[in-house]
Structures are given as C-alpha cells and as structure tokens.
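S.K.: So TrEMBL says this about it:
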type: BINDING; residues: B:Cys86, B:Cys89, B:Cys121, B:Cys124; note: Zn(2+) binding site
There are 2 protein chains.
Amino acid sequence: MKTTRNTTAKTAVLEIFGKSKTALSHTEIYKLTADLCDRVTVYRILDRLVNDDIVHKIVGLDGTVKYAKCHHAHPVTIHNHAHFSCENCLEITCLESVKPSYIIPHNYKVNDINFTLSGLCPNCLNSNI
Amino acid sequence: MKTTRNTTAKTAVLEIFGKSKTALSHTEIYKLTADLCDRVTVYRILDRLVNDDIVHKIVGLDGTVKYAKCHHAHPVTIHNHAHFSCENCLEITCLESVKPSYIIPHNYKVNDINFTLSGLCPNCLNSNI
DNA sequence: TGTATATTTGCAACAAAATTGCATTAAGCA
DNA sequence: TGCTTAATGCAATTTTGTTGCAAATATACA
C-alpha cells in the first residue's frame, strides 16, 4: 500500500492552512511557502492532502479552485456543507453549519456535493460597498 | 447605456444552446460554431449572455466551467436550482426541479447560488460502469 | 545507527484555458 | 444612406494545471 510521507513542504502547507481562516488557492499557498519548494510540488501536495481527506477542494462561482482544511471530527466521505464566496474580497469561507437539504431524483447516484453561496461576507457588508 | 447587438456569431451560439440538452463548455461551443468566428469572440459572447442573464455559468466539481441557457419563464436574479455533473460522461445537466433549502447566517448577503451534485447520471448508471 | 526502498521533489517542457490591446468590421438607429 | 459604437479578428501574453525523469529524502527495518 502506498503510504504518505511527512515532508517539510507538506508540513509547511499544513501550517499555512492552520493559520488561514479562509480557503486558499494553489497560487496563494505557493506564495505563502516563500520559495520553499517548486510550484509543481505544491500541486502534488494538495493532491495528496485532498486524497487523504485532510483538505477539501472548493470551486468558487467563478471557477476558481481553492482548498481548505477539513474540520470534521471524524472522516467523512461527502463534504456536505456550504461555502461562501465573497464577490468583493474574493475570500471563500466554510459555512460548516449550513447544510443543504434537497430531494434527489431517484435515478441519479450522488457521490459528492458542492454547495456554494456567493454575495457579500459580513466584513464587506459592513463596509457598505 | 450600453446596448447589446444581435450579431451572427451571437445568434449561432444561441442556436447551439437551443439544440443542446446539457451544459456546454467554451471549447465545445467553439467547435460547434465550426470556424464561424474566433475563439476569443466566443468567450466574449458568453460573457455578454451571462451578463444579460440569458445564459448561466455552471462550475463543475472539478472546476470545469460550462454554460447553459436559462429556461425561466420570467427573468430571475438568482438561479436557485441544482446541477448534476456526471463523473463518467462528464455531462452537466440542469435539475430544474431540485431546489435546495438552507438557512443562511443573517450576516451574509447572498446574491447567487451554486448547487452542484456529482456522481453518475441515469445513462451511465444503467450502463453499470 | 546505518541501509534499503519507495515516495517526493525539482526541473524543464508542454498543454489548455482565459485575457488584453488595438485596428477593423458591422449592427442598428436617425 | 451615413454615423456611432458595439463586436470581431488577430496576435501576443498570462494563468493554470500536467507529465516524465533523474535526484533527493523520509521511513521502516536490520
């Protein structure tokens, strides 16, 4: 079986996730590592983290891909919670408490869910933009 | 005020949308126009159509961007319905009837919603893949 | 602690997707 | 029909993500 190793680059990326309250894009993460490793390496670390369910991938309404650390008490197969994508500051945050309810047509098999709301986050709403 | 013109390219793109039951990517649309216009023009037409709320933009779980014509009887500001993204055939279809219900935290202002389910569509489910 | 081995990484090259600037074309109105 | 301005084509560029392979290094185990 393929085991996953704890490298310095991976540790650094995890630390970055720990410090950030919002979801981060590959580019943002790469910049925050400050030339610790190659661009490609960051892509591969993210792939592994997503695979190991340590981080989850979020796609914004505009198509931008971001990543955020999961806060599940236990591992889950479906990340059934909403994300908020702010149109002003472009930040994406997890709304862990917002779970959508819906009725699936019976002839579809659902494996994953992406529920993203966009608009203005509390910060930008206060700034009256 | 900026007016929107009905060009041959725009008409062709709209016709393509009319014929398609699933959402289409920029590349697919461009190919279907069969060299009627430049790749860039297709991007710009799609931008305009999205802006005019004639077409809406759908982002798949993998980050792929697709477009579909809206079928609203009346113009709406929020496209509050689900989309289904098939992992096998990669098609994205609108599930017009599936409307998510959810509770928004009061300090957020929601302008748009993206609710995408992914898994296997009825076709691929039948093929036992 | 040292060594074997399989995972990670860096580098370079590539591919796809999207954007921008500018000169030219054409849609729609008077 | 002619005028104004939106729309287009083209070329160049940026951004984003992928792949192959040799070198580096984390981990298990003797």
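Sequential numbering from 1, following the chain as shown.
Even glycines carry a Cβ here, placed using N, Cα and C.
Note that this is a predicted model, so its numbers are computed, not measured.
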S.K.: Excluding B:Cys86, B:Cys89, B:Cys121, B:Cys124, please set out which residues of the same chain place their CB within 8 Å of the center of the CB atoms of the Zn(2+) site, keeping sequence order.
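M.R.: My list of surrounding residues reads B:Glu87, B:Asn88, B:Leu90, B:Glu91, B:Leu120, B:Pro122, B:Asn123, B:Leu125.
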S.K.: Which binding-site residues (B:Cys86, B:Cys89, B:Cys121) come close to chain A, taking a Cβ gap under 8 Å as close?
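M.R.: Listed binding-site residues passing the 8 Å Cβ cut to A: B:Cys121.
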S.K.: Least buried of the binding-site residues B:Cys89, B:Cys121, B:Cys124, going by other Cβ atoms within 10 Å?
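M.R.: Among the binding-site residues B:Cys89, B:Cys121, B:Cys124, the lowest count of other Cβ atoms within 10 Å belongs to B:Cys89.
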S.K.: Among all protein chains shown, how many Cβ atoms are found within 10 Å of the Cβ of B:Cys86 (Zn(2+) binding site), not counting that one?
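M.R.: So the number of other Cβ atoms within 10 Å of B:Cys86 (Zn(2+) binding site) is 22.
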S.K.: For B:Cys86 (Zn(2+) binding site), which DSSP three-state class applies?
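M.R.: The residue in question, B:Cys86 (Zn(2+) binding site), is strand (DSSP, three-state).
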